[in-house]
Amino acid sequence: MMCYYRLFVLLALSSFVVESRHLKGNSYELSSFHRSRTNATIEPKIWAVLVAGSNGFVNYRHQADICHAYQILKNGGVEDENIIVFMYDDIAFDIENSRPGVIINKPDGDNVYKGVPKDYTGEDVNVDNLLAAILGNKTGVRGGSGKVVESGPNDHIFIYYADHGGAGILGMPSGVDLTAKDLMNTLKKKHAAKSYKSMVIYVEACESGSIFEGLLPKNMNIYAITAANANESSWGTYCPGEFPSPPSDLDTCLGDLFSISWMEDSDIHDLRKETLDQQYQLVRRRTAVDDMVGASHVMQYGNKTIAKQFVFNYMGANPKNDYYSPSSDDDSSLTTTPSIVSQHDATLLHFWHKFRNAPEGSPKKTEAHKQLMDELSLRKHIDESVNQIISVVFGQEKVPEMLNTVQSAGNPLVHDWDCFKMLVNSFKKQCGSTSRYEMKYSRAFANMCNAGVHINHATLAITQACSTNSPPP
């Protein structure tokens with residue numbers, strides 16, 4: 001009798017296991033199924049916000065970075081409903097793109113544009129929509145898909161931004177730029193709402209450390225990595241004329257050094273076994289700051305204990321990489337640093353190569369020459385305008401001080417963020433450009449605010465200088 005009882009129990013257990021596997025497919029999901037049936041816990045979700053803050057074919061690399069990041073998340077199992085993409089979406093079918101509908105992020109790379117959600121494009125890529133999306137405020141977004149981060153207290157959030165930046169600001173293609181203070185206020189509201197468990201932020205931009213330096217508390221469960229410290233440029237890569245170079249039909253940089261470093265690492269590694277700190281260390285080494293003139297320092301901010309967590313918690317994991325093991329070919333590509341170009345100079349490089357490669361005597365040659373000359377003229381106009389603004393407000397003798405003063409480590413860029421926001425956005429409106437060259441002077445406006453400038457006096461000086469220094473037509 002006892003033998004029959006044991007056989008009955010064994011058959012019952014076997015039936016349960018088979019049925020459970022049929023429902024969930026693997027051991028991870030089986031345990032999830034059991035927990036959901038007992039209501040013991042709620043499985044965490046991954047939410048992601050991907051932001052390309054520029055437009056124009058000359059800034060190809062930023063949208064290419066964002067599209068590549070989407071493919072990593074998608075391959076990692078993150079659902080589209082949990083991925084919110086901000087990008088102008090004007091390069092895949094730009095007249096300059098010899099491969100319509102295709103965007104690549106490395107010279108021999110796949111099409112990373114395929115399947116990317118068009119949540120917020122064109123003029124809908126703006127500060128108000130971005131901050132509302134992060135907060136999960138559906139009534140705060142205007143246009144676009146209306147998708148927002150509807151996260152709960154057990155969820156993980158990943159935010160990745162790629163674009164031009166300046167001290168205290170991140171560029172946006174429409175409307176005003178995003179200031180560090182406005183971003184920080186949004187993150188504090190998100191934390192106060194208890195609508196996430198932990199958050200990871202990656203920022204690709206010049207002087208991106210200034211977005212968090214002296215501003216991001218350690219008690220908000222947010223861990224941030226930036227492409228540069230508060231005072232230096234970030235770098236474009238896979239640029240024309242450099243090594244490795246993009247295909248001959250693309251006269252533009254394909255990616256950014258910090259960005260391609262973490263993404264190419266994520267493409268091949270098992271992210272269930274790689275920690276955020278391991279990825280940070282690899283990216284830091286690949287920027288080769290000790291070996292290259294002018295390279296940047298990849299920085300960490302916020303709650304650094306989060307860096308002990310696996311990357312999987314924020315990006316998912318591609319099942320194809322489950323059995324990854326280091327090989328000489330794979331790892332050598334992740335430690336080799338490609339040639340780099342300053343974000344500020346990538347535009348000039350693009351126009352120069354367009355001019356150089358255009359047939360002699362052709363309309364393309366004439367147009368490329370005009371674009372190059374216009375960019376040089378615009379930069380001269382911006383340089384002279386900033387000099388004039390400072391001279392009018394503080395006197396010529398104060399120009400070097402306003403241009404070059406740098407806050408000590410650990411201190412925020414500016415004391416009066418309202419003053420700073422007013423000046424940088426006024427300057428963008430009056431003197432702004434697609435290349436965003438004017439962003440290199442945001443520190444000067446911070447220094448002016450720290451020196452107690454009268455806002456009305458300064459904005460009037462900005463208007464006069466930007467309208468009288470012979471900008472290009």
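We count from 1, first residue shown onward.
Glycine residues also receive a Cβ, built from the backbone N, Cα and C atoms like all the rest.
What TrEMBL says about this protein:
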type	residues	note
SIGNAL	1-20	signal peptide
ACT_SITE	His164	active site
ACT_SITE	Cys206	active site, nucleophile
DOMAIN	370-466	domain 'Legumain prodomain'
Point to revise | the residue listed as 'active site, nucleophile', number of other Cβ atoms within 10 Å | key: 29
Check your understanding: If you skip the near sequence neighbours and keep only those at least six away, which residues in the chain come within under 8 angstroms of the residue listed as 'active site', Cβ to Cβ?
Key -> Gly53, Ser54, Asn59, His62, Gly171, Ala205, Cys206, Gln343, Arg436, Met439
Check your understanding: So what pLDDT does the domain 'Legumain prodomain' (370-466) average out to?
Key -> 95
Exercise for review: Summarise the domain 'Legumain prodomain' (370-466) by DSSP state, stating how many residues are helix, strand and coil.
Suggested key: 75 helix, 0 strand, 22 coil
